[in-house]
Amino acid sequence: MLNILVGGFYGDEGKGKIASYLSLKDSPHIAIRTGSINAGHTVCYNNNKWKIRIIPSAFVNKSTKLMLGPGALTSIAELIKELKETNSEDRFFMDYHVGIITEKEIYEERNDENLMKSVGSTGQGVGYAEAKRILRILKLAKDYPELSKYTIDVPNTLIEEIEKGSEILAEGTQGTYLSLYHGEYPYVTSRNTTSSGILSEIGIGPKYVKDIIIVFKSFVTRVGNGPLEGELNEEEAEKLGLIEIATVTGRKRRVAPFNIKLAKKAIQLNTATQVAITKLDALFKDAYKVREYEKLPSEAKKWIEDLEDQLKVPITLIGTGEDAMDTIDLRKEKLGE
Ligand code: IMP
Ligand code: MG
């Protein structure tokens, strides 16, 4: 079966951390990523830290095969760099139709004043490359001989594996409100970031989906422009210890408190079946690195229980620290699995 991980706010919810935990815990046969190199993921495990932009965060489990679906885009340089840094070249596969971003699209995007100044793009050439794909002039992975050792028919491989009973983890990127269709246009990215978009990018229909796990951070952050309800000024955010630095661009992230209205709507847009909450320790310092629910401070437990009452979807995973294993896993208790 297929499990999908999707971001519920504006990206940077901690999907990379949850994906790395799930890969270590569940050992999926394949982890597949969507999206492109504008999306940074931070993965910490065993005192190592990686900042990756294109390979699945599940790379920390050495037995998991890593794939990019046909809807993904990458630059060859970034892909090769990450495969080396994570030592995962021999278990990586990409679909023939992955779009290839070149220096030209990066240059074009960085000189596009509307995208860079008004939207606040990350400047990785993703929007320009996707526009060229729509115009049918973008080159794909199959057009580059140096990629031939990685290229396969990904949807076909996924279906064969699912039908054999293998478990697949699809790692979405960015967040629901950056979706080209469902986000706050024009302050959005160049793809549909929701669960249905993830399915279409990897080439599988909904029949095989088991769970859709939506990831929310314990507060909301946004990089780039566009609305952010309840935005704190930098000083307030600093005082609360909520300032983060963006993985790809190095910009300071804008900060707002957890937004229940956005969370509810995101659950609908994604038909989420489980909720993962990350960075609980940012709100409750004594929750740091706690790995058992009973050991959480009582205010933290109350916060989680109130939230679950409102969202009406089980909160099954709770992140309490940067390491992949700093995770409280309530799936057995909540779902009987
Ligand atoms: P673009 O996708 O680089 O054009 O950026 C469009 C908007 O989406 C900008 O506000 C970016 O900051 C934001 N964005 C794109 N990718 C990510 C991501 O992975 N995390 C957070 N924001 C992102
Ligand atoms: Mg990120």
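Each Cβ is built from the backbone N, Cα and C atoms, and glycine gets one as well.
Taken from TrEMBL, the feature GTP binding site covers 11-17, 40-42, Arg253, 279-281, 319-321. Annotated Mg(2+) binding site per TrEMBL: Asp12, Gly40, in sequence order. Residues or ranges marked as IMP binding site by TrEMBL: Asp12, Glu13, Gly14, Lys15, Asn38, Ala39, Gly40, His41, Thr122, Arg136, Gln174, Thr189, Arg251. TrEMBL lists Asp12 with the feature active site, proton acceptor. The annotation active site, proton donor is assigned in TrEMBL to His41. As annotated by TrEMBL, substrate binding site applies to Thr247, Val248, Thr249, Gly250, Arg251, Lys252, Arg253.
For ligand 2, the neighbouring binding-site residues among Asp12, Gly14, Lys17, Gly40, Thr247 are Asp12, Gly40, Thr247, by Cβ distance under 6 Å. Considering only the binding-site residues Thr247, Gly250, Lys252, Leu280, Thr320, Asp12 (Mg(2+) binding site) has Thr247 as its nearest partner by CA-CA distance. Ligand 1 lies within reach of Asp12 from the binding-site residues Asp12, Thr247, Lys252, Leu280, judged by a C-beta closer than 6 angstroms to any of its atoms. Of all the binding-site residues listed here (Asn38, Thr122, Thr249, Thr320), it is Thr249 whose C-beta has the fewest other C-beta atoms within 10 angstroms. Listed binding-site residues near Asn38 (IMP binding site): Val248, Thr249 (candidates Val248, Thr249, Lys252, Arg253, Leu280, Thr320; Cα-Cα distance within 10 Å). Sequence-distant contacts (6 or more apart, same chain, Cβ under 8 Å) of His41 (active site, proton donor) comprise Lys15, Gly16, Ala19, Lys51, Ile52, Arg53, Ser57, Thr173, Thr247.
When the binding-site residues Thr122, Gln174, Thr249, Gly250 are screened for a Cα within 10 A of the Cα of Gly11 (GTP binding site), the ones that qualify are Gln174. A Cβ within 8 Å of the Cβ centre of Thr247, Val248, Thr249, Gly250, Arg251, Lys252, Arg253, the residues given for substrate, is found for these other residues of the same chain: Gly40, Val223, Ile245, Ala246. The distance from the Cα of Gly250 (substrate binding site) to the Cα of Lys17 (GTP binding site) comes to 19 Å. In sequence order, Val223, Gly224, Ile245 are the residues of the chain that are 6 or more apart from Arg251 (IMP binding site) and have a CB within less than 8 Å of its CB.
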